[in-house]
Amino acid sequence: MSLQPLTAVNCGSLLQPGCSLLQLDGDIFLFGQKGWPRRSCPTGVFGVRLKHGELKLRPISSSNDSCYLPPLRCPALTRLEPHDGHPEGYLIHGGRTPNNEISSSLYLLTLDSRGCNRKVTLRCQERELVGEQPGPRYGHTLSMVQSLGKRACVVFGGRSYMPAGERTTENWNSVVDCPPQVFIIDLEFGCCSAHTLPELTDGQSFHLALARDDYVYFLGGQSLSLDFRPPRVYSLRDGVPEGKPAVSCSTWTPSMSISSAIATRVGPSHEFIILGGYQLETQKRMECSSVVLDDSGINIEPREAPEWTGEIKHNHTWFGGSMGGGSALIGIPSEGRQATPEAHYFYQVCFQKEGEGKGEDGNQVCSQESTDFEDSAPLEDSEELYFGREPHELEDSSEGEGDTYNEEDEEDESQTGYWVKCCLGCQVDPNTWEPYYSTELLRPAMIYCSKGEGGHWVHAQCMELTEGLLVRLSQGNGKYFCLDHGGLPRQEMTPPRQVLSLKRSPMKPQHRKGPMMRRMTPAKKRFFRRLFE
């Protein structure tokens with residue numbers, strides 16, 4: 001058991017609470033980056049490299065027949081083992097987008113190809129569902145059960161927005177627990193069925209789900225209706241072989257009071273290490289537990305925890321995911337350290353000694369942090385071919401700077417003024433910022449102060465402007481002065497722009513005869529005047 005600090009090399013801002021770690025073909029991938037994908041990695045999926053205490057990300061491309069996979073926070077995902085000629089992959093359901101929209105789609109992510117220089121290409125497909133489908137949600141779990149050669153998925157828990165009939169302007173962004181229903185998804189035909197069990201009376205989210213054969217064990221979780229983390233463990237059995245699934249549920253003791261925890265598998269058996277998470281809203285769970293699934297059920301025993309550092313102990317938030325082989329990645333925000341450029345500090349926790357076999361991680365559980373915090377074409381293959389290279393030499397050669405993600409290659413948003421410190425009491429932090437006005441989406445609203453040489457931009461929220469006043473100032477032509485320069489919304493009127501009118505002389509028509517000018521004598525004029533009178 002060890003705890004090793006990691007240095008994120010120009011990629012620390014991409015990891016956020018609610019991200020997921022996937023394991024395919026011996027590699028680790030990051031899914032659910034912060035914000036929308038940028039030019040350097042349009043897929044939003046990165047390969048994770050840990051070497052010499054450094055954490056690096058490598059952009060991953062997708063095949064031509066792949067669908068778009070948005071970066072989802074707190075989705076439910078489960079690993080698919082190779083079965084009947086189908087490759088290994090991951091099923092991803094639900095989650096929140098960077099625009100705080102909640103998804104209800106089901107995606108299948110598999111490995112499409114691997115180039116000679118270890119470049120990985122993924123394939124993403126959206127699966128169509130019919131029947132009683134699970135609605136949009138996040139913070140839920142997706143588990144794989146199998147019996148007599150047939151497989152099915154179990155969806156349970158999560159949170160979602162209030163129903164459309166109850167959603168108003170005041171509670172537009174309020175979330176509620178999803179009804180305590182269990183959804184069974186037949187992967188072969190995409191048929192869904194919903195089941196209501198008397199043992200499941202309250203909705204729960206950010207729990208753990210561990211599966212073995214046709215059993216699924218739900219550990220811990222948080223309920224908004226109860227406002228605490230009740231100690232509970234449920235076992236769910238799904239009889240999937242014939243006809244409609246027969247679902248049964250039972251309660252187990254001892255139980256666990258935990259939410260947003262990480263489960264990493266140790267060895268080829270169904271043994272898991274539970275670490276991280278929260279016992280209360282403001283209290284982290286510093287203990288570790290060993291969970292073993294066998295024919296008799298589930299056994300939970302305490303396990304020695306690593307020597308947590310002072311940064312981990314005193315920080316209020318942590319997140320991460322399983323990296324397989326008895327190891328996990330933990331990240332903590334750099335709270336109260338404005339001088340440090342890193343947004344997060346990262347650690348690798350290993351529970352397996354060197355030399356022990358690394359088993360396949362058949363059940364993937366990633367961190368689903370309940371606290372809502374809220375780019376160039378894909379890199380092309382190198383033209384250099386590798387012949388007669390050793391595996392370790394090939395791995396070292398792929399660590400070049402050409403295919404490693406670097407934040408310095410992206411556009412510097414600080415130059416645009418969105419995340420600058422506009423005043424001494426600036427309240428906008430790019431790591432914890434949330435929309436304040438209804439017109440805000442991805443960046444804070446700003447207003448221009450006309451004082452000083454050239455003026456400067458300030459955040460509307462820091463200037464304590466109401467939304468109505470902000471709209472009027474943006475639509476009018478009045479000058480604004482920030483609180484440091486008088487705080488007057490309209491002191492002067494912007495002078496209207498003087499547009500010089502252009503004198504356009506008519507073009508002289510060519511080859512055109514003008515009207516005939518007839519000269520009339522005064523006698524003829526008098527004659528015509530008397531004639532018409």
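Cβ coordinates are placed from backbone N, Cα and C, and glycine is handled just like the others.
Pulled from Swiss-Prot:
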- Cys422, Cys426, His459, Cys462: Zn(2+) 1 binding site (BINDING)
- Cys449, His456, Cys482, His485: Zn(2+) 2 binding site (BINDING)
- 371-384: compositional bias 'Acidic residues' (COMPBIAS)
- 386-395: compositional bias 'Basic and acidic residues' (COMPBIAS)
- 396-413: compositional bias 'Acidic residues' (COMPBIAS)
- 505-517: compositional bias 'Basic residues' (COMPBIAS)
- 358-413: region 'Disordered' (REGION)
- 496-517: region 'Disordered' (REGION)
- 419-488: zinc finger (ZN_FING)
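In terms of DSSP secondary structure, the zinc finger (419-488) contains 12 helix, 9 strand, 49 coil. Non-local contacts of Cys449 (Zn(2+) 2 binding site) by the CB criterion (under 8 A, 6+ apart in sequence, same chain) comprise Gly455, His456, Trp457, Val458, Tyr480, Phe481, Cys482, His485. Set side by side, the binding-site residues His456, His459, His485 differ in how many other CB atoms lie within 10 angstroms of their CB, and the most is found at His459.
Within its own chain, Cys462 (Zn(2+) 1 binding site) has Cys422, Cys423, Gly425, Cys426, Gln427, Val428 as residues 6 or more apart in sequence whose C-beta sits under 8 angstroms from its own. Least crowded of the binding-site residues (Cys426, Cys482), judged by neighbouring Cβ atoms within 10 Å of its own Cβ: Cys426. Each of Lys421, Cys423, Gly425, Gln427, Val428, Pro444, Val458, Gln461, Met463 belongs to the same chain as Cys422, Cys426, His459, Cys462, is absent from that list, and has a C-beta within 8 angstroms of the C-beta centroid marking the Zn(2+) 1 site. Neighbours of Cys422 (Zn(2+) 1 binding site), defined as other CB atoms within 10 A of its CB across all chains, total 25.
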